[in-house]
Amino acid sequence: MQITLQTIIGGVSLGAVYALVALGFSLVYRTMGLVNFAHGNVVTVGAYLASTFYLSTKLPFALAMLVAIAVTGLIGLIIERVLRPLENRDFDLMLIGTIGFGIVLDALVIMIWGATGRAVPSPVPSAPIEVLGLRIRTYDLVVLAIAAVATVLLVLFLSRTKRGAAMQAVAMDHEAATAVGIHVGRSNAIAFMIGAGLAALAGGLVGPLLYVSPALGGTLGIKGFAAAILGGFGSIPGAIAGGLAIGILDSFTAGHFQGYSELVTFLVFTVIIMVRPTGIFGERTVNRA
Amino acid sequence: MRTKIAVGAGLAVAAWLLPYGLDSYAIHVVNVILIFAVLAVGLGLCMGVAGQVNLAQVAFFGVGAYATAILTTHNGLGFWVSGALALVATVLIGLVVGTPALRVQSHYLGIVTLGLALAFTNWVTNAQLSGGAEGISAIPVPTLPGVDLSSEYLYYYLELIVFVLALAFGLFVVRTGLGRRLRAMRDDSLAAGALGAEVPLLRMTAFLLASVYGGVAGVLYAGLIRYVAPESFGIANMFLLLGMVIIGGRQSLIGCVVGAVSLYLVREWLADHPTIAQLAYGAVVVLVVVFAPTGLAGLPERLRDLLRRRRGESGTAARLAPFRPYAERAGQTSGTGTPILTVSAVTMRFRGLKALDEVSLTVAPGEIRGVVGPNGSGKTTLFNVISGLYRPTGGRVEFLGRDLTGSSPYRLARAGMSRTFQNLRLFGDLTVEENILVALDRSRTLGAWRYLLGPIAVLRQDRELHRRARDVLDRYGLTEFAALAPKSLPYGIQRRVEIARAVAAAPSLLLLDEPAAGLNGEEVRQLSEIVRSIRDSGVTVIIIEHNMGLVMSLCERITVLAGGRIIAEGEPAEVARTPAVIEAYLGDSMDSDDLPSIPEVTK
């Protein structure tokens, strides 16, 4: 029991990161019906930016993160702008377009930061605290707190602001949204920007947990996607639940299958998609694939 | 034709002489390029022709290469035996990877296949059997009596032969029945199903083809490099391969080959700066999807279009010829005999909404039945239930005396049901003639083995289909439009093409969903003549229509739906007097009843 609980706790912080990645995927998907295959690469860029500002310019961790979010937000805007001519026309082509952007970002990361990775020290004291005999790293708590705050802010934005409501409208019916005067392109651009910002947040947070390398985003991207699917693509509570579930699954498979943990995770994910493509909280109305 | 033969002969001679002008490194590059070309053709078949997003092509390649390596080094089998077994293994894996396509499409399929490809790399990097990260070296040289295949110059000829066969087979598939059905499914899987294309089997066929090409490439690779390691089959090469197919033009196999050759050459040229090469081809992929979605293969066509527009030439001056009625079938009396269609107490619920409420109706053979009702009364939903697009929540649908409730659309189509759609669902990237050919072709997907064992028979059958298609086009006055894309035609002609296509499937029951929508008065008159002639040739017709003039003059019996219930049924004049009908028609008609596009995922 103790070991199981410890495994779960070990998975939760990575799970929170997956949830942030999944939120980015879901937000873009529910707004424009597109899976952004460059999302994982944006995570990598975010991780490198945050760690660069944190390590070399000695900015405080939080500030470094904000700079990273701003820069990747810009990248998101660029991706959306370039692919806009394809919106609502050919999703397969758009999907390939985002893969193209992923290839470009991957090359840029290697050009700027090199092919080797870097370790990022934890910004908070690393001694774990003990609660009821369970060891919890303080940094895990930081990750959880930030992820929770980001989610709450996102939900408030979507439900309480005019811009957010407009995005919800586009998600439900882009033609009707156009008819009542909503600028669909701008709404999509904001979704992409926020999605990229969430990716940077995830990348920045994961830096001290994992080794930052060009391959980081690939794994995080696909696990984040698995999380989004598991929860129900396009659903915000689904992304959170899915992220935590994948994190915990990861932690278990790493313990039981060592090197094969990725294999097991992907197989489980494939089976889930076959059995229930709409996920746990799937909202059929937003499913457009 | 003559220029094509000349170009082909020129290419053959050039390919034959190529090794004489190359040093040993260059021939190695050429050999690798040929392998990528085979892979690209396979990916093009799956993604471009059949529209199945497949990001696991590089894993198929890996399975073929690894299986050959393992069987030769661990089990001591000969190279060719191992190669054959490796091909079988690849096909099995291909079918496994393809199964998700039965449930999900597009993005979901992309991510699942990508995930499975990553799972494969994860396995080979960790497993003892595959030599872990070091891979497997010392794969024996393939033996061929009298030929020393350890020479890359001679290996080139082996690869060349395999490549030419692979490409020729691919083109053969694309240009005959199977390829047409695959392309039809890509353009509109719903309409393809309604015409009898076995969509699930076709999707598996796409993955089968992709895996065969991947496996062949893998075996060739194992014989050429004689060393396999995980990084050759990783995600980077998958995206490179994707770049080749997209840049070359995914819908054209020749384009895929051109893309493979050019992209690999550019990469080789930038071999000292691999990241710059990656940056460049990533950027080109983005530019291609936005500005030239048909890739390099589509460029000549676009240039020609541009030139034509420069010269101020407008579109073709093709004219619609009059419809030539069918020969009347003698002894047909309408409204008698056992019913062809019996719908009993069908209920269809969409979550809270009851679109159909205990609807029952019977249609006698040889009848023209009208289904009318205000917008949103459930007419199209009824059609969708009858034609198998929806599985009703309750009730039964009997067709030709058989209970076919909830059968898949292609089974119903093969049983003799055909339909048109309210919002026109023609296959956009097929020509008008090919649209008809898809409907005429009743061969089963399982019969595709004939592509390997009896290609002559396939060709003969295809020629026969073309002849019948010309007949159909001529009858409907569409001959001059045969080679045009449906999208380029006026709306009224597109409607006629769709009817011709539905009838070409030789149905015993034809469902027409608002065939007169958007037609002018003259076109409506022609439509009425066409429908009557179709019925006289022995086909039962059910027609949904808002044009009351047409319905009143054409139909023998009319069924009136309102709010998902049948409120009246009988002869036109009698129905028009029913108070309930008058009330329903004077009520509001604010709702729209577009044909619901059912998302793949929720099916």
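Any Cβ shown, glycine's included, is placed from N, Cα and C.
These come from TrEMBL:
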type     : residues  : note
DOMAIN   : B:341-588 : domain 'ABC transporter'
TRANSMEM : B:27-46   : transmembrane segment
TRANSMEM : B:53-71   : transmembrane segment
TRANSMEM : B:77-96   : transmembrane segment
TRANSMEM : B:108-125 : transmembrane segment
TRANSMEM : B:154-174 : transmembrane segment
TRANSMEM : B:206-229 : transmembrane segment
TRANSMEM : B:235-266 : transmembrane segment
TRANSMEM : B:278-299 : transmembrane segment
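Between the transmembrane segment (B:53-71) and the stretches B:27-46, B:154-174, B:206-229, B:278-299, the greatest number of Cβ pairs separated by less than 8 Å involves B:206-229. Below 8 angstroms of C-beta separation, residues 236, 239-240, 242-243, 246-252, 254-255, 258-259, 262-263, 266-267, 270 of the same chain, each at least six residues beyond the ends of the transmembrane segment (B:278-299), sit close to that stretch. Restricting the average to the domain 'ABC transporter' (B:341-588) gives a pLDDT of 87. With Cβ pairs under 8 Å as the measure, the transmembrane segment (B:154-174) is packed most heavily against B:27-46, out of B:27-46, B:77-96, B:235-266. Counting same-chain residues at least six beyond the ends of the transmembrane segment (B:27-46), those with a Cβ under 8 angstroms from any Cβ of the stretch are 18-19, 52, 54, 57-58, 60-61, 152-153, 155-156, 159-160, 162-163, 166-167, 170, 173-174, 182, 206-207, 209-214, 216-217, 220-221, 224, 241-242, 244-245, 248, 250-253, 255-257, 259-261, 264-265, 268. Through the fold, the transmembrane segment (B:235-266) approaches residues 29, 32-33, 36-37, 39-41, 43-45, 47-49, 55-59, 114, 117-118, 121, 167, 170-171, 174, 277-278, 280-282, 284-285, 288-289, 294-298, 429 of its own chain, all at least 6 residues removed from its boundaries and within a Cβ separation under 8 Å.
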